[in-house]
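According to Swiss-Prot, the protein carries these features:
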type    : residues         : note
BINDING : 43, 44, 108, 139 : [4Fe-4S] cluster binding site
């Protein structure tokens, strides 16, 4: 045996050892197995549904749709979000384990779309409710654009540090909105201490200026049938 060459056993052992960090290994495992929670309310979600078919086959990216937010690490919002649906979306996001990601798909999700021009009940941007990682514009976006958004999210995950992602979420305050679509700073919802209620107004008050109190103000006396439609 040539003394310069390594024995076959040593060469095999060297080729089988991976030198990496725990953070890089965690990022690699997460970007290769994203489990999305699909939150579709309008026509944009039909475009996403085509990804499940054999033509695009999004399973090759490791995406496994989940029906429970506690088993998902990615929520994909598609379609119009109304104020009545806002607490449900925030609740689903809060039930997802860390680290978690959000893709906003379509113009209606990002800005409210054409429905926000003369509607008091449309949320003008889902980023007023939950932090968004990737914005995917379009009306509706093509399936190829959805794949590109997922690819960009995978690249973002591969470069992040877990501690740096968790720390700002725990320290920053959250942007909430009022019933007249004005920004308001409140306690961070990522700590689980966000206010979980609706500040509702009777129908007669929508003809006048609405006070700038927080939209997510807890009122235990308000029942579900009294919420703003």
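Cβ coordinates are placed from backbone N, Cα and C, and glycine is handled just like the others.
Apart from the site residues 43, 44, 108, 139, the chain places the Cβ of 42, 78, 79, 80, 106, 107, 109, 113, 138, 140 no farther than 8 Å from the centroid of the site's Cβ atoms, the recorded [4Fe-4S] cluster location. Within the same chain, the residues at least 6 positions away from residue 139 ([4Fe-4S] cluster binding site) whose Cβ sits under 8 Å from its Cβ are 44, 106, 107, 108, 113, listed in sequence order.
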